[in-house]
């Protein structure tokens, strides 16, 4: 056991990035064997000081000891280096002690980050990066020899640089952008990728306020409110500052930089995107942003984040949208020229309450974020479009997606549960429609059980009680039961007692199917029935008055035929309704699934072309799986051609879908 004197003489520990288990090098004792200070280290113990009596962490996807220390504020002083394709600089974490000097170390999550030095309260600190374990990365252990009194805040300053293995960042060359003039970068930290930007407590169970001080030669966007008065010109670069005063989890840390222009689209909103896309993006979104905000505020309570803006990213962005606060990061597939795909914005806006303000404590309870958000999204859209028929119409589409996801996994698969065990599981591997739609159906079932008028009173109560906090499924259950235990709801006692909470949380497969209002979908089903006859002659007028979503429901119904269309029918479908030439990626992708099921080889190259234009996983993964079944050679060729176009998260998932992970990793 090494005493205090030796510790005080040791100046700092430095990471050797080439080492699989990074070594601590002591400048005051360079002759000491590697890891000498850690030879007697055990988790929960530093120099004989036990933390065994502390409450356990409840997130299996973090290696941090956030039960002993909690990040309260984060300052990111980072330079965006487009030449080296990395972020470099320092991050300062202000951590509050949760014990009375019982913990003698801080443990942070990290993944493929080069750490150059760490200071504790401005003084060099002992630290070590431990060996990597999948899927959670390499924990960074920082000595706090004297511990800290309960409630005391310590500052940890980390000098660092990201590496080429960073899973949170995508770097685009000028050629990969529309105007071909400048490079572009953006981050995607959900689920556990913030740790590849900087060591942190990378768990949704910890929330921090943020200061962003970001230097770049191009415009910067971050998940905070811009502080334009403090932007500084540094010659070829500028320092951009943002503040996030509402505490957020690490997965909502977001950065983007490039040739970005902006335009107003509402009283509290602007759209940001490439200069070439600005006019089309502004047209697509203006007129709806204020409506979405006002509708959401009536359902929950006033928006607490100040601004609500949208950054429309290049095509390789892997999601429909990412609910980064202040600036939703959105796929360009929503800019379809017909305002048919902006439901995504209603969804991401709803996250301002469900997910961002009130957060699931771990990815095992992800449905609390997404199920609630689907519910709020549908309430928002129903209030704008005029009634429950629109709510049910969207829910019908969601049920179809849920059926497909569960069919893909299998009825008894762990990932078809609401509450999923994530021990040893990468949350990205468990990502699917299930937490969205199965979660929605649970929330909606509670709404129907107690009645809309009563449920509408519960909504602001729930979001008010858990604002700026994180919770698990059982805390949600307790909150629901607490609210409806009030005397005025005594007539609901028997109904509430009938809720099968355990079954809802832990049963695999589909939930009970509700009775949908099919009034907006019936016409779609009627047209689909006509396509079962090989003698049917289609006409563009069949769908001329329909919304894009009605066309999508029709296509989904055709896709479900027991007997696929013939090649001739498939080609007639694409031609008559203009699907293969559509600018709407939703419709185009749905049509290509029908064509592949029909074995229409003339459509396969169109599938490959679309896969080179869109990086959104909602389209990319199913299309690759479909193409792989009918033409594996083309699927592999298409993936290799576009490998660098896809975001690292998307690329990794497609590798698994195509069964090329091992080959790719060994090459």
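Yeah, the Cβs are placed from backbone N, Cα and C, and that goes for glycine too.
Since the structure is predicted, the reported quantities are computational estimates derived from the model, not experimental observations.
For the Zn(2+) site, Swiss-Prot records 347, 351, and the single candidate of 364, 370 listed with them is 370. Residues 188, 189, 190, 318, 319, 320, 321, 322, 323, recorded as binding peptide, reach a greatest CA to CA spacing of 15 Å. All chains included, 25 other C-beta atoms sit within 10 angstroms of the C-beta of residue 370 (Zn(2+) binding site). A straight line from the CA of residue 370 (Zn(2+) binding site) to the CA of residue 436 (active site, proton donor) spans 5 Å. Secondary structure at residue 436 (active site, proton donor), as computed by DSSP, is helix. Measuring Cα to Cα from residue 351 (Zn(2+) binding site), none of the binding-site residues 188, 190, 319 fall within 10 Å. The separation of residue 321 (peptide binding site) from residue 347 (Zn(2+) binding site), Cα to Cα, is 8 Å. Checking Cα-Cα distances from residue 348 (active site, proton acceptor) against the recorded positions (188, 190, 319, 436) with a 10 Å cut-off leaves nothing; none qualify.
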